[in-house]
Amino acid sequence: GLPVCGETCFGGTCNTPGCSCETWPVCSRN
């Protein structure tokens, strides 16, 4: 399946592909 977006994002970027930091401080599916 798709990678889970749940890491904390720093600098407005997420390491997981397809994830967004708009829900800072935790990445979510964009």
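Cβ atoms here come from the backbone N, Cα and C positions, even for glycine.
Swiss-Prot has this to say about the protein:
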- CYS5-CYS19: disulfide bond (DISULFID)
- CYS9-CYS21: disulfide bond (DISULFID)
- CYS14-CYS27: disulfide bond (DISULFID)
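Here the features listed in Swiss-Prot are painted onto the structure.
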| residue | record | Cβ neighbours (10 Å) |
| --- | --- | --- |
| CYS5 | disulfide bond | 20 |
| CYS9 | disulfide bond | 20 |
| CYS14 | disulfide bond | 25 |
| CYS19 | disulfide bond | 22 |
| CYS21 | disulfide bond | 19 |
| CYS27 | disulfide bond | 23 |
From disulfide-bonded residues CYS14, CYS21, CYS27, the one whose Cα lies nearest CYS5 (disulfide bond): CYS27
Whole-number Å value for how far CYS27 (disulfide bond) lies from CYS21 (disulfide bond) (Cα to Cα): 5
Rounded to the nearest Å - Cα separation of CYS9 (disulfide bond) and CYS27 (disulfide bond): 6
